[in-house]
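One structure below.
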Amino acid sequence: MAILQKHGKNSCPDLASIKENPADNIGQTGSQKKWAESSQNWTRPVARVWTVVLLLGTCLLYCARVAMPICAVSMAERFSWSKRETGMVLGSFFWGYCFTQVLGGYVSDRVGGEKVLMLSAAAWGAMTAFTPILAHFCSQPIVSMTISRFLMGLLQGVHYPSLASLCSQKVVESERGFLMSTVGSGSYLGTLVIGGIGSLMLDLYGWESVFYISGLLSVLWAYCMWKYLLKGEGILLISLDAVIITHLCTASTFFTLLSWLPTFFKDTFPDAKGWVFNVIPWFVAIPSSLFSGCLSDHLISQGTKPHILHKYTHHFLFKDIRLFFFSMGVSSVFTLFLCGTTTFPTAVAFVSATMGLTTFSHSGVSVNVQDLAPSCAGALFGVMNTCGAFTGVIMVYFSGYLIEATGSWASVFGLITVLNLLGLGTFLCFAEARRVDIELAKGRYHNIHI
């Protein structure tokens, strides 16, 4: 109150001036707004650099996109696909492409199109590079290729909406037509490049090389864009994505185990009592979950000090690393043990250990998202849970397919282990617990002196 009384008369000088001469001030405010908007635009030299970079990015986008059509004939011969099956693989891309157009534009308008372009390029570039591995790893390549192409469509669907958002925010009106037409021509350039160089690589080194080169070049482009143009910005968005991916992996593996474990025990141990394997793992999970929460709070209360893992990380909470190491790392060991289980008591013990350790994620990612963005933790967690549920649908269905195709539960447990380790690796590399709201508040009110 004292502060308000002290500064109350002088705290809003603009308000007084508006009362005295409202017309002049409105005009002045409008001109200031125009100046603020124009000051956010790129200068002409910067716009030229970005035009070349975005042209190259769009070119690589189409190199990665057209790699599958270029290699479709060779892959069909290698995996004995019919024309119908080849069409299913090629067409699955556009199913995914439909779903992320609006979302990509929405996110770009709020966090910046350049950040969305960079992150999506890193993701679809990595997906392209891993395509041959997925094709050879899966016993049914038609399934893995259909899913990978669907995911490619999801990841590439944000590209053009992000370009439109970026152009509207950073380019003056008189130059937007040239930038968009130039960048748009990258789609034809990319198709031309992959059609020529890709065909030569296909003949000389095999279809795998086309995916490897186009994917790795795309990842390199994303890294250079982040390093030299964004100057390391976008860490918050990377951290948000890392938390979402981690929760996605955790939730999908949990849903898969929850759905298929009763069937696993019935198929593997037909004479086993259902009340044993349907009760003991969950009985173990309850105290384990409570213990993980107490452990998390204890680590915080003891003042666990974050270390600087790299120069872009400020507040990485090591208690999250420890919890996720148990929930996703150690639990994966017990999941792998299920592949070679021979006795019912051993299987129950391994499943109980897996489910018990999995509960450690409750005090990990759920708390991490509150550390990261307290003001929108509910909405962010909703996004995370939606992604986890969607992936759970795919995983549960795909696991059933694997069981029928391979006749072995080892493929399912192996897939769960891979997903867990992928989530753990993503969290270790990119996640951090930065109090975004506090930082924004400091930036917003840094001129206030009390």
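Using N, Cα and C of the backbone, Cβ positions are placed for all residues, glycine too.
Note that the structure is predicted; figures quoted are calculated from it, not measured.
TrEMBL annotations:
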- 1-36: region 'Disordered' (REGION)
- 26-36: compositional bias 'Polar residues' (COMPBIAS)
- 49-68: transmembrane segment (TRANSMEM)
- 50-450: domain 'Major facilitator superfamily (MFS) profile' (DOMAIN)
- 88-107: transmembrane segment (TRANSMEM)
- 116-135: transmembrane segment (TRANSMEM)
- 178-198: transmembrane segment (TRANSMEM)
- 204-223: transmembrane segment (TRANSMEM)
- 235-260: transmembrane segment (TRANSMEM)
- 280-300: transmembrane segment (TRANSMEM)
- 321-338: transmembrane segment (TRANSMEM)
- 344-365: transmembrane segment (TRANSMEM)
- 377-403: transmembrane segment (TRANSMEM)
- 409-430: transmembrane segment (TRANSMEM)
What stretch, picked from 116-135, 377-403, 409-430, has the most CB pairs under 8 A with the transmembrane segment (88-107)? 116-135
Check the transmembrane segment (377-403) against the transmembrane segment (409-430) for contact, please; criterion is three or more CB pairs under 8 Å, pairs 6 or more apart in sequence. yes
Between 49-68, 116-135, 178-198, 409-430, who has the most Cβ pairs under 8 Å to the transmembrane segment (204-223)? 116-135
Which bits of the chain, at least 6 residues beyond where the transmembrane segment (178-198) starts or stops, bring a Cβ under 8 A of a Cβ in it? 47, 50-51, 54-63, 65-67, 70-71, 163-164, 167, 171, 210, 214
Averaged over the domain 'Major facilitator superfamily (MFS) profile' (50-450), what pLDDT does the predicted model reach? 81
Beyond the flanks of the transmembrane segment (116-135) by 6 or more, those residues with Cβ under 8 Å of it: 54, 57, 60-61, 64, 67-68, 75, 79, 104, 107-108, 141, 144-145, 148, 151-152, 155-156, 158-159, 162-163, 165-166, 207-208, 211-212, 214-223, 225-226, 230, 234, 237-238, 241
Surrounding residues of the transmembrane segment (49-68) on its own chain - C-beta under 8 Å, 6+ positions past either end: 42, 75, 89-90, 93, 117, 121, 124-125, 128, 131, 145, 149, 152, 156, 159, 163, 166, 170, 178-179, 182-191, 193-195, 198, 210-211, 214-215, 217-218, 221, 225, 229
